[in-house]
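Notes follow once the structure below has been shown.
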């Protein structure tokens, strides 16, 4: 009997502690969001394009300053003006050949205008002989500065307004939301155009005009999130402990609505880039000779019939830039709020 007791073991008792251990550590909110974001390949590619574009824009400020992109020699405009893109004579689009309107054959414009063989322009030149590649680089940088600066105004006003409206509630919230409805009842483009007319041309004028009326969407998104979070246990506990409203907003509410803020900013930036392009199209953009993507497109429209490449190239850059922000924002939205993508 003693031998039986010695040999007796409880089934399943061995290794019970090891089976109850968690195999992996719990992921934080942002770690889980990054895990979901990596599955969206289009958004991941868009993120890298945006990162490369931002780094390129910063570096280009030292390599291609505005003065270099704006400079031209009036005495050589006939030689270097309106040259088509050229890299090599073997490439179909970048060979320097161009078929003039009404002509049946293509001609080597570089030879016809007496351009030295060593001079090649990857995006061609404008009517003054300025390199479109340099002007596109500067235009990309200016458009990004305008969009990001306007987005910063959108961020500050929209988040502050939304937190105050959602936190206060009641009549204060009702009045603040009616103000937003009044602003949104007028198309943003009309308001931005009128404000740009009052402020005049210039980068700062465009930033103010766009930023002052682009925050309403951000404010509503933040307000809705604050309304849902302010009755949560961790907020009520902070109130009970006597924490100030400002501390609760910064320490508890703002981190929880940060996902919505980032997503909204990513969707606002393409709109701001388009606003700048529209303002430039009606001569309310940056002051000449400074270039932006909008001014380049506006100049290209004037010469579309004869030199379509002057419009096509900046239009492609503008479209790709806007789409990358849209795809990136879409990926962030699905990562931060997977339930929204399932719906």
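In case you wondered, yes, glycine gets a Cβ from its N, Cα and C as well.
As the structure is a computational prediction, the values presented were derived from the model and not from experiment.
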Of the ranges 23-43, 44-64, 65-85, which one does Swiss-Prot list as transmembrane segment?
44-64
Choose the correct range: of 259-279, 280-300, which one does Swiss-Prot annotate as transmembrane segment? Give that range.
259-279
Annotated range (Swiss-Prot: transmembrane segment) out of 195-215, 216-236, 237-257:
195-215
Tertiary contacts of the transmembrane segment (195-215), as residues 6+ beyond its ends and Cβ separation under 8 Å:
142, 145-146, 149-154, 157-158, 161, 183, 188, 268, 271-272, 275-276, 279, 283-287, 290
Same-chain residues at least 6 beyond the ends of the transmembrane segment (309-329) whose Cβ lies under 8 Å from its Cβ atoms:
42-43, 45-47, 49-50, 53, 82, 84-85, 123-124, 126, 132, 136, 139-140, 143-144, 263, 265-267, 269-270, 273-274, 277, 293-294, 296-297, 299-301, 303
